[in-house]
Amino acid sequence: MVLNHSPPPGLYITGLGSQYPPYLLGPEKLEEFAARFYDVESPGLKKLLQINRSSGIETRSAIRSYESGFATRPEAPTISELAEFYHQAGVDLTTQACKKALRESQISPQHVTHTIGVTCTNQGNPGFDLLVNRKLGLSANVDRMLLHGVGCAGGLAIMRAAAQIACGASMRRKPVRILAFACELCTPNVRHDLAFAEKAPNAENISIAGALFSDAAAAFVLCNEYAMAETEITPLFQLLEWGNSLIPDTVEHMAFFADVDGYRTVLTRDVPQYTKHAIGPMFEKLLPSYQSQIQSSSGEGVGEVAKSLGVSDFDWALHPGGEAIIEGAKQVLGLTEDQLQASREIYRTRGNSSSATVLIVLDRLRSLGKREYVVATSFGPGLAIEMAMLRRCEVDED
């Protein structure tokens, strides 16, 4: 049998939307809150609060202050209470991010063909994506997908899933307009983070999640070439390559699961050591295909440039999982502060909002970064690494 080898489908991000909640909490707020309910001299909690002071985060975005809601009660919220709260506040936050992405794409809700959602801070069936779809007024015939179990890697996992769906549609010569979104409400779980730290038998066994995580939602619209033929807008990015991989023998270093006392986070101090050594091999694996696609779709001059592309030629949307993760990537890859400025800014001013963060960094990179070539990468339980390689559709020549 002879197969016709057609060029890769065209995949374009036409809109991005980020949405933070109204509150910003400094490290001192967590200390004051912890002192109200817990023994701050216990070894585990004392260590967590030390990390909180030295995390490099100036403010974390929060859906509520430490003076309202669950924070005012003597007992921690139950999982069912957290779920009910998420279905209101989380769905509202996600809807706002989605509206921004749709507005920039100039796509009406009725023309969305697929939705892909992700979260690790809400469980249940039907998933929160159905509530978002209803609030946006999407068609009842929209194809829905909700990812689970991918944690902080979720933002790029939904981009990978969107790309695969769009490629399949292109093979069938059908237009797709995929609305993908991520939302995490981490701060309502802080009572459980503090309680687990207080009970820890020693300072070595604590999770540092209570000092890092914040709340946010993000969304993007991805269209294939058939959908782009029906619009006159200039897309933001072309998505050219993507991939994911597990880092061997690391499954015990990151987790988030329902415990009898609430949601529990596992995040060991060894994570940055593993993640920093996983980025380079994934980049080298994806680069040849990325270069080939640029060469085949560009003029001779750009094609020659593509042959020599390396780490230093890209703006990096690195998931800022922590100060050590950012520093580790910078050290191993030889990145400059200029290449990491969006990741630094989001981490410093908003903290780590899990799956939504890398998409927010990519959104911020639009105004901070200047390079034509962009790579985004994030990490999640497994340990897993996700990577996407993009190309700006409009480049500032200044």
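Every residue gets a Cβ built from N, Cα and C, even glycine.
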Among LEU102, LEU246, LEU267, LEU390 - the residue Swiss-Prot places in the same CoA site as LYS47, LEU48, LEU49, GLN50, ILE51, ASN52, ARG53, SER54, GLY321, GLY322, GLU323, ALA324: LEU267
Of LEU49, CYS152, LEU267 (the recorded positions), the residue whose Cβ has the fewest other Cβ atoms within 10 Å: LEU49
Rounded Cα-Cα span from CYS152 (active site, nucleophile) to SER214 (substrate binding site), Å: 12
Diameter of the CoA binding set by C-alpha atoms, the set being LYS47, LEU48, LEU49, GLN50, ILE51, ASN52, ARG53, SER54, LEU267, GLY321, GLY322, GLU323, ALA324, in angstrom: 19
For ALA324 (CoA binding site), nearby residues of its own chain (Cβ under 8 Å, 6 or more apart in sequence): PRO272
Nearest recorded site to ASP215 (substrate binding site) by CA-CA distance, among recorded positions LYS47, ILE51, ARG53, CYS152, GLY322: CYS152
Residues near ARG53 (CoA binding site) in space but at least six apart in sequence (CB under 8 A): PRO27, GLU31
Set of same-chain residues at least 6 away whose C-beta sits under 8 angstroms from GLY322 (CoA binding site): SER55, ILE208, LEU212, VAL271, PRO272, TYR347, ASN352
